[in-house]
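Working notes, structure below.
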Amino acid sequence: MGNEILKAPEGPPSDVERIKKESDYLRGTLKESMLEPLSAGISDDDNRLMKHHGSYLQDDRDLRNERQKQKLEPAYQFMLRVRMPGGVATPEQWLVMDELARKYGNGTLKLTTRETFQMHGILKWNMKKTIQSIHSAMLDTIAACGDVNRNVMCTSNPYQSEIHREVYEWSKKLSDDLLPRTRAYHEIWLDEEKVAGTPDADEVEPMYGPLYLPRKFKIGIAVPPSNDIDVFSQDLGFIAIVEDDKLIGFNVAIGGGMGMTHGDKATYPQLAKVIGFCKPEQLYDVAEKTITIQRDYGNRSVRKNARFKYTVDRLGLETVKNELENRLGWSLAEAKPYHFEHNGDRYGWVKGVKGRWHFTMFVEGGRVTDYDDYKLMTGLREIAKVHTGDIRLTANQNLIIANVTSQKKKKISELIEQFGLTDGKHYTALRRSSIACVALPTCGLAMAEAERYLPKLIDKIDEIVEENGLKNEEITIRMTGCPNGCARHALGEIGFIGKAPGKYNMYLGAAFDGSRLSKMYRENIGEEEILKELRNILPRYAKERNEGERFGDFVIRAGIVKETTDGTNFHD
């Protein structure tokens, strides 16, 4: 196909494009806004820029109406997200994050579905101190949000530790090498002096340019048989290919993404498609050139159609592949065979190479805090004080106390026991396979509860599960407070998307290994109807399933929902 069809959609640039253009490479008036003493918030333009620095301005929506009555501004606060490729933290970094959450945040840490930390409830006056403390722990928040490449994920379960280590190094290299080059972050938060003069755009941002990307860009690397990072949900996914215990390269998959807009069929979740294979040393080149295609041809006019998945679907998979190979100057090899078995975590102790041990722990909703009857945050703090390995955050909002020496295993096991930290074995497998986004009260986009509500809903679903002998049956269940899809709802065998307070669209039929999207089953229903539907479907699954048949496969075979064969027919 000729180059004549390679163009971005026409239309005036969105307001965010104007903000980026006028921002002097993400500086804007952020420095001044953060010093403004009369408001705990910042201007809308600066908030759009703030994302690229790893933060969103939010307010406590539980307090919104009361504050309006009192004629007060909203209870503004900031969410801060750390850039932590592959979800790997040292015990020392864990202790710093723990302390900052208690000192400046709301006393909790959120483990995200992209393997990093979020802190909520930080006041404007404490932001700079918090970011500087994170920096002193050899971490940062650069590009954790915004129209750039986000936190690079990789499979965290350390069964193949040597392979995992290599894959982690590649994810770290990608994350570091694809960072924006502007010094705005260092000047605003770390008091670096601005260099005088006006350098050329290609000096400041050789890859991104002055407008950065049309929308966020997500990369993840999976190591089969685990698809815990949901590689097909990424804008750019890499699937590690291992032969004779050696990493020989990666299959390349492009064009995934979960977000959509209620009522707009031109928006939809989509799965990345495998287009070929590259060697490890070609990985960065493939990533960089793919990003530049999105930079040049993505939609800068309509933000809800600006993700790379829409660029791929609009131009055509083959066209994008050809353009990628054009820019690379070489062709991708043919994709290699691979096999995924699941996209969940494997819990409990497992022994890796070199006599090291790893404990995968269930953290419901990814929320690390101290409850009245469960001192989770304190327990993890005490473990971090004695642990000499690392701590890995998983894409399912759990964590792994990893690389534990045989000498330390006894002490760490005692602390796990003392604080009741759990591998989730006494819960149903469905609860262990659940994830939820933050939603209310802090997320400004949420239309309904998610993290605060899903555990209570599962309490009731568990009764149906246990009555039907399904306690040990892994069924992935995911809930998001809005259609943006942070908890990857469209890849849950049972998925819920918030529509209004207490109301959800219910989806069924995603694949257990993350290779098929779900289909809407019921629209705008509340708890009573959700439970009524599951009281009908789960007993049927228990009685009628074939041996080894997964719930997501069963509901399609039984005709309960149609199969979604591609994101473009998600709404059919």
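From the backbone N, Cα and C atoms, a Cβ is placed for every residue, glycine too.
Given the structure is predicted, the values throughout are model-derived calculations rather than measurements.
Here Swiss-Prot flags C437, C443, C482, C486 as [4Fe-4S] cluster binding site, drawing on sequence analysis. C443 ([4Fe-4S] cluster binding site) falls within neither a helix nor a strand when secondary structure is assigned with DSSP, and so counts as coil.
According to Swiss-Prot, the siroheme binding site annotation covers C486. The C-beta environment of C486 ([4Fe-4S] cluster binding site), restricted to residues of the same chain at least 6 apart in sequence and closer than 8 Å, consists of T112, T113, M258, C437, V438, T480.
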Task: Go through C437, C443, C482, our binding-site residues, and report the one whose Cβ sees the most other Cβ atoms within 10 Å.
output: C437
Cβ within 8 Å of the mean position of the Cβ atoms of C437, C443, C482, C486: remaining residues of the chain near [4Fe-4S] cluster: V438, A439, L445, A446, A450, T480, G481, N484, G485, A487
